[in-house]
Amino acid sequence: MFASRFDPSQLTAPAASAPEGIVGTTPPAIVPLKRQATESDNEEYGSHQDSDESSNSSSEEDEDRMQVDYGASEEDSSEVEEEESKPSTHSTVLSRFKQTVSLQERLGASDIAESKEDESIEDEAASTHQLKQIPQPEFVKNPMNLNTNSLQFKSTGWLNTEKIYYDNSLIKPFSDYANELEAKLLQNICKNFSTNTFPIQSIILDSILPVLNFTLNVSKRNFTRRIGDILVNAATGSGKTLAYSIPIVQTLFKRQINRLRCIIIVPTKLLINQVYTTLTKLTQGTSLIVSIAKLENSLKDEHKKLSNLEPDILITTPGRLVDHLNMKSINLKNLKFLIIDEADRLLNQSFQGWCPKLMSHLKTDKLDTLPGNVIKMIFSATLTTNTEKLNGLNLYKPKLFLKQTDKLYQLPNKLNEFNINIPTAKSIYKPLILLYSICQFMAHSPIAAKILIFVKSNESSIRLSKLLQLICESRSQSSVLKNLQNLAVSINSVNSNNSKAENKKIVANFSHPSESAGITILITTDIMSRGIDINDITQVINYDPPMSSQQYVHRVGRTARANELGSAYNLLVGRGERTFFDDLNKDLDRDGKSVQPLELDFTLLESDSELYTSSLESLKNYHNNTAQA
């Protein structure tokens, strides 16, 4: 802690050897005021041991004096440092030496030990420890619907909406709404549809009807702002069409003059017909006018019809809507409802820039240009979560209706799913395995089957349908197809090679087969996976796996509709397709169910192999003849 003692004799030799005339050319080294005692001081330090022992009895007083002396020594040292800038002298060095000696005499060994103990105590007191989180108030949230794998990362477009949850227990009779619905409307619902609601219908009617009826009685002008916009994410076949149709008809039921007050936008012509049928049944016995606009009709004739007789409700596709807006066939001045069905598909495709065009006309045509002047209802089984696309709709106080689950998409409650794993070595016989699987279905199903098969492309649909027809024509020669030998099998394909009339006829025959039909099979692409309401589809088969969980939801949603039983079968070839399907399952809610593996005892005999080979050869000849023709 203190400097070693200084010997003046050591400086005489260098000073004597210095040349004459030069004084203090080399500045002396600055010796610190306090240094730790070196081993050379041990002998002299021992001579003062007696005085140190006496100082131990009054250590506190010595410490006070030491602090005073230490302060004085610091002042002296500052003076010494100022003098060191001048030529050094022996007297300066000796005075510093004496100061050091006097301090060492006053400071005993026990004081040094105590100072070290104090330093160690201070070190212990200043030791670091693990950081602890400051207590925070509990965050109020819904644990059933805040899963980090789904909503936090995939549903950013819904973060600013009011969420309203429902579950499968929300089923009630429509008669409970007798005080909220017009008597004629309630009669049409119970007569043409059902006496009980579906869960999504219950939650929407409970949330909208009381506010809607109260606001209409007070002020019809501002009722749209009291309701706000609505986003609905519900499984296919859950009754979404009826859910948005009932509030519309209830609002327009007592209108005096027909004006365009509702536009319903759907992606396909087939869905136009389906929605039109629903609204026609709901509006029976009323003066409401429901019209459609689609590509099959002449644009000129539609323009003339809409100009002469303005409808209350218009059902159309986005492209045809843009055509009529450009031709000024319709005016949005009195529009109160805008319904977008299958919204994820419509918002993912431009369709002549229909969304910006429509929003622009809403601003220019309507006298009331403030937000919330139109109630927008957005429906889909796989509602988009893209913030940019939802922002283009200019939503006003949106409410999100979704099922109480931690998954992104919901499957029908009464859907049963099965996986048929096909080894890679047997993938060449996949069409034959498909027919064999259908044989197994029929062995446990005494009723007629209506089977919808999805493939990846239009060409696959054409080839597979023809190949299955050729195999079934000679199925009596096969051992694996023995269950099909006594049944009538009808196989058709919906594809772009057919005319619109042919495809329409094929779909109609599939929807309403004859009483003698045993198995009716329709092979199609994803064009029929959305919005097509065909009753009594018993099985859906994914011959080619879907590309996303959205496609899977829409495909299997063609069965198990309206709370009826249905089955879905997935043909998976090799480990790669099985792994891909497992990834799709992460976004799907099955209400506690799981996909069951279906083991098939597929033993291929020589006769089956010969039948399959001959069918492939016949298919090749058929395509060659078709190409030449």
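Each residue, glycine too, has its Cβ placed from N, Cα and C.
In Swiss-Prot this protein carries:
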- A234, A235, T236, G237, S238, G239, K240, T241: ATP binding site (BINDING)
- 72-84: compositional bias 'Acidic residues' (COMPBIAS)
- 88-103: compositional bias 'Polar residues' (COMPBIAS)
- 116-125: compositional bias 'Acidic residues' (COMPBIAS)
- 221-401: domain 'Helicase ATP-binding' (DOMAIN)
- 437-603: domain 'Helicase C-terminal' (DOMAIN)
- S73: phosphoserine (MOD_RES)
- S77: phosphoserine (MOD_RES)
- S78: phosphoserine (MOD_RES)
- 1-130: region 'Disordered' (REGION)
- 197-205: motif 'Q motif' (MOTIF)
- 341-344: motif 'DEAD box' (MOTIF)
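Compute the center of the Cβ atoms of A234, A235, T236, G237, S238, G239, K240, T241, which mark the site for ATP; besides them, the chain residues with Cβ within 8 Å of that center are F198, I200, A243, A381, G557, R561. Sequence-remote contacts of a segment are chain residues at least 6 beyond its ends whose Cβ falls under 8 Å from one of its Cβ atoms, and for the motif 'DEAD box' (341-344) they are 240-241, 244, 264-267, 271, 275, 378-380, 382-384, 530-531, 550. Across the binding-site residues listed here (T236, S238, T241), the residue whose Cβ sits among the most other Cβ atoms within 10 Å is T236.
With all protein chains in the displayed structure included, the most crowded Cβ environment within 10 Å among the binding-site residues G237, G239 is that of G237. Every protein chain considered, the tally of other Cβ atoms within 10 Å of the Cβ of A234 (ATP binding site) stands at 25. Mapped onto DSSP helix, strand and coil, the compositional bias 'Polar residues' (88-103) counts 14 helix, 0 strand, 2 coil.
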